[in-house]
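J.: Before we start, here is the structure in question, set down as structure tokens.
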Amino acid sequence: MASTTSPVQSLITNSRFSSLYLSTNKVFLPSCQLLKNRFSPASRSSCLAFSSLGDKKEAWVPMGMLSAKPLTFTGWNQNMRRRCQVEFPVASAAAADADADGLETEISEGHAKPSKSFAERFPALVTGFFFFMWYFLNVIFNILNKKVYNYFPYPYFVSVIHLVVGVAYCLVSWSVGLPKRAPIDKELLILLTPVAFCHALGHVMSNVSFAAVAVSFTHTIKALEPFFNAAASQFVLGHQIPLSLWLSLAPVVIGVSMASLTELSFNWTGFISAMISNIAFTYRSIYSKKAMTGMDSTNVYAYISIIALFFCLPPAIFIEGPLLMQYGFRDAIAKVGLIKFLSDLFWIGMFYHLYNQLATNTLERVAPLTHAVGNVLKRVFVIGFSIVVFGNKISTQTGIGTAIAIAGVAIYSLIKANMEEQKRKAALSAAS
């Protein structure tokens, strides 16, 4: 039987056409056997149809699903490369499949772009969820942490447990690549060590205060942290603090003083340790600015937690070690049982690490103004929930003082955030 030459093969061999175009019929490419099949009349409606450039009488109009950018095939043979360039408008098969499945697909320059993720389509909803989880984990941590201190009053050891669980979490996360561990060198280690020391000191002193007084009172004292930040910026870093910021701090000082004078759970250990915590976290902020690196916040916080753990171990061993070995562990197990004791220690460590990590990630997603408001609202949530859960009795003056202090912190935070935003806009305009 005589062999039949396909019209497509004949066109390609003779190279009589300078260009080949798709017809306006819908294109189907069922398999790689297309050019081997006969070009029968029955298949013309579903296969490629070609027309000579010279014979083309109407302007070619690309189909809705086709982009106007041509795709060039030049590698079939040297003869075609020299004499004939075949140009096909790119048809995105992904677009057809997406339309069939009811999905959204963006076509750009012949490439199918996947539809936006949920986080990209609803950023405000995702940010709100971050804030909710930050508040939720913070409240749970403070409540569970205080319950542990009610039967196991050893804040130095508990502070170590917080960091041990957090470091273990970081190591497991690194081992599975979530996130990928960023390398650290000697120079970065030197920069992060002062930050980690201040973090360890502030963390331990906060826990000493939590163990000594009511949670609500500790957070009321810690509302003074902006005052220490402003003082350190003015007198340590040499930054000029506007008068409006100093005036906004007056209600904070007055409110904390009112709350302290009539606080039923007041004692000097809780008050002084909370004040030391404020100073430590202030210097942590100062050293953090000096240690700004290109490393992501998750890895930075992981390294700070690891270094801080080594600072927290010695006081826990020398101050509370003998007491724990004599009767500390024994009494706690006798009160709640071994399983509950170990599970409580594990969960307060996990909640501590997660709420701090989530706070860092949340604050990266928002503007300074939102950050400031969120931080104030977090303290309000913690104070309110701790009073309800533990049934702490507070005097009228303590309640009024706490409200004044929180209002002062809110005013200070709003003014400071607006100043930072103006500086940022000025820097952007100067750069442009």
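Here the Cβ of each residue, glycine as well, is placed from N, Cα and C on the backbone.
Look at TrEMBL and you will find 126-413 tagged as domain 'Sugar phosphate transporter'. The transmembrane segment annotation in TrEMBL covers 122-144, 156-176, 188-205, 243-262, 268-287, 299-318, 338-355, 376-392, 398-415.
Could you place the listed features in the three-dimensional structure?
T.: Beyond its flanks by at least six residues, the transmembrane segment (156-176) meets 145, 148-149, 200, 203-204, 207-208, 211, 302, 305-306, 308-309, 312-313, 315-316, 319-320, 324, 328, 345-346, 348-350, 352-354, 356 of its own chain at Cβ-Cβ distances under 8 Å.
Counting same-chain residues at least six beyond the ends of the transmembrane segment (188-205), those with a Cβ under 8 angstroms from any Cβ of the stretch are 155-156, 159, 162-163, 273-274, 276-278, 280-281, 283-284, 287-288, 290-291, 293, 295, 300, 303-309, 311-312, 315.
With a threshold of 8 Å between CB atoms, the same-chain residues lying at least 6 positions outside the transmembrane segment (243-262) that come near it are 217, 220-221, 223-224, 226-227, 230, 271, 395, 397-398, 400-409, 411-412, 415-416, 419.
Beyond the ends of the transmembrane segment (299-318), by six or more residues, the same chain brings 156-157, 159-160, 163-164, 166-167, 170, 173-174, 179, 181-182, 184, 188-189, 192-193, 195-197, 199-201, 203-204, 293, 353, 356-357, 360 to within a C-beta distance below 8 angstroms of the stretch.
Below 8 angstroms of C-beta separation, residues 134, 137-138, 140-141, 144-145, 147-148, 152, 158, 161-166, 169-170, 305, 332 of the same chain, each at least six residues beyond the ends of the transmembrane segment (338-355), sit close to that stretch.
Residues 216-217, 220, 223-224, 226, 230, 244-245, 248-264, 369, 372-373, 375-376, 379-380, 383 of the same chain, all 6+ positions outside the transmembrane segment (398-415), place their C-beta atoms under 8 angstroms from a C-beta of that stretch.
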J.: Go through the chain and flag residues at least 6 beyond the ends of the transmembrane segment (376-392) whose CB is under 8 A from any CB in it; none is fine as an answer.
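T.: Counting only partners 6 or more residues beyond its ends, the transmembrane segment (376-392) has Cβ contacts under 8 Å with 134-135, 138-139, 142-143, 146, 214-216, 219-220, 222-223, 264-265, 402, 406, 409-410, 413.
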